[in-house]
Amino acid sequence: MRTKLTMYEPIKSSDDHQWREKKDIESALEISRSSLPPDKDRLVSLDVFRGLTVALMILVDDVGGIVTAINHSPWNGLTIADFVMPFFLFIVGVSLAFAYKNLSCRFAATRKAFIRSLKLLLLGVFLQGGFIHGLNNLTYGIDVEKIRFMGILQRIAIAYLVAAMCEIWLKGINNVSSELSMIKKYRFHWVVAFVITTIYLSLSYGLYVPDWEYQISTEDQESTLTAFLNLKVKCGVRGNTGPGCNAVGMLDRMFLGIHHLYKKPVYARTKQCSINSPDNGPLPLDAPSWCQAPFDPEGLLSSLMAIVTCLVGLHYGHIIIHFKDHKKRLNQWILRSFCLLMLGLALYLFGMHLNKPLYTLSYMCVTAGASGFLLSAIYLMVDVYGYKRASFVLEWMGIHALPIYVLIACNVVFLIIHGFYWKKPINNLLHLIGIGK
């Protein structure tokens, strides 16, 4: 089959104006597709990749608690669920290459990027800050002293903003005629990635983590009183990557405050903290003191490496922009993906754990390499060989990723259905079909 892939046209600012007026808010999924041109010129493989990631996210959210193999790793290690976040960041980076392909005004583009990031940040705080109390609770609202500041959308907002600033302000003016000239054009992007990685490694392995304590509440069933218990975590170490004494958690407690962190950390499913590990369960008798401590898997320091993932995706997007030949694109993608994967595995063999909550350098390299391989495979199948009918559903999900994410992945549609019940809240359609039990 003879196929032809046309290049992208410059994005127009009015493409999604009506949608912004209606919702006045965007999510990371909208950012990753807002740069795409009209349907006839759309890079279908990017929509399919985005749709596949959305489907994977829904699968993890709905089935991960039942099937341990697709749930997030309790701490070190990788499962299929741990690829979802890097996939989204990678896709956002690829899309940014098209969004800022032709800039008429850098200041206007900067303003637009800041506004998009702010909207995404506020949406993340609303959806993941604790305002919504879950499927089995029809109440809502959050004490501002306990609101969670960070989250998935907040992390993507930060990565998007930094990558956008690099693309707007740090792009060279020379023409690209070879791989070397492309590296020269975007050399300052790699300088930023190197500096960010150096800062992350220096802080992660160089900061001293002192002893710290936190407070948990315990309820007395006889007196219906709530008591508070102070627990102390002994650390006094540097370079520790365990759940209790790492620099990532220390910086979050220092700058965000322990009451603003995620209250259900993944390490609660480790062997030290659960007798049913890798599932949730009662604490063992000899459980360490940090097992019930809050910890944010999308913290400040770990978000630095998330930015690097977005910058890697941006580089893959540059390859599409500057090279029109299918073979050349695929060769460059596969070579870079292989190098990233090998670097990540080498770091792992030398003792750097693959760890999503800490977003370690080895984890970043392995997941970014996997993202590149997956993009290459989808591009080959869809845009080169033209097997678009087989991926129609995923393409549709990628195009409509924003409403799917908000309504399904964030449980908004289920909360609405749950709000209609017969006599008692438990008598609702969701409980009848087994959702939310």
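Glycine is treated like the rest: Cβ placed from N, Cα and C.
Residues or ranges marked as domain 'Heparan-alpha-glucosaminide N-acetyltransferase catalytic' by TrEMBL: 42-166. Taken from TrEMBL, the feature transmembrane segment applies to 43-60, 80-100, 120-140, 152-170, 190-208, 300-321, 333-354, 360-382, 402-422.
Across the domain 'Heparan-alpha-glucosaminide N-acetyltransferase catalytic' (42-166), the DSSP tally of helix, strand and coil residues reads 81 helix, 3 strand, 41 coil. Only sequence-distant pairs (6 or more apart) were considered; of these, fewer than three Cβ pairs between the transmembrane segment (360-382) and the transmembrane segment (152-170) are under 8 A, so the stretches are not in contact. Sequence-distant contacts of the transmembrane segment (300-321), counting only residues of its own chain at least 6 positions beyond either end whose CB sits under 8 Å from a CB of the stretch, comprise 7-8, 43, 85-86, 89-98, 101, 150, 155-156, 158-160, 162-163, 166-167, 182, 186, 189, 192-193, 196-197, 199-200, 203-204, 247-248, 251-252, 255-256, 329, 332-333, 336, 340, 357-361, 363-364, 367-368, 371-372, 375.
If one looks beyond the transmembrane segment (190-208) by at least 6 residues along the same chain, the residues whose Cβ comes under 8 Å of a Cβ in the stretch are 162, 166, 170, 183, 236-239, 241, 246-248, 250-251, 301, 304-305, 307-308, 311-312, 358, 360-361.
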